[in-house]
Amino acid sequence: KAPHSYTMPQTVPQRHLRKSDVEYPMPHTIPERRARQHDRRVLVLEHCPNGELFSIMERGSLPEGIARAYARQLFKAIAACHRANIFHRDIKPENILVAKDWTLR
């Protein structure tokens, strides 16, 4: 997801362009493969073939065991990000991806 250029500051601080997977290996997060700044910031991320958590939830309710496992994974990811002083500001099912092994990213 790339923000529109009018919502971005003229220069993106270097801390937003670092490779977080190298500096902060975190559970249940997607390591950035590349981050560039042109007209817009573009992130290249790991492919998650099972899509967004939102589309899985649209199909119906999740079994309790899976919902609990997903909640634990999400809490671990958020806690790891906060320990690294990284704050998402837009956590929602549309922004949570499901990896090939059905774990959250």
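Heads up, the Cβ atoms here are built off N, Cα and C, so glycines get one too.
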Matching range for TrEMBL feature annotation, region 'Disordered', among 1-20, 81-100: 1-20
Spatial neighbours, same chain, of Glu94 (ATP binding site) - Cβ under 8 Å, 6+ residues apart: Glu52, Leu53, Phe54
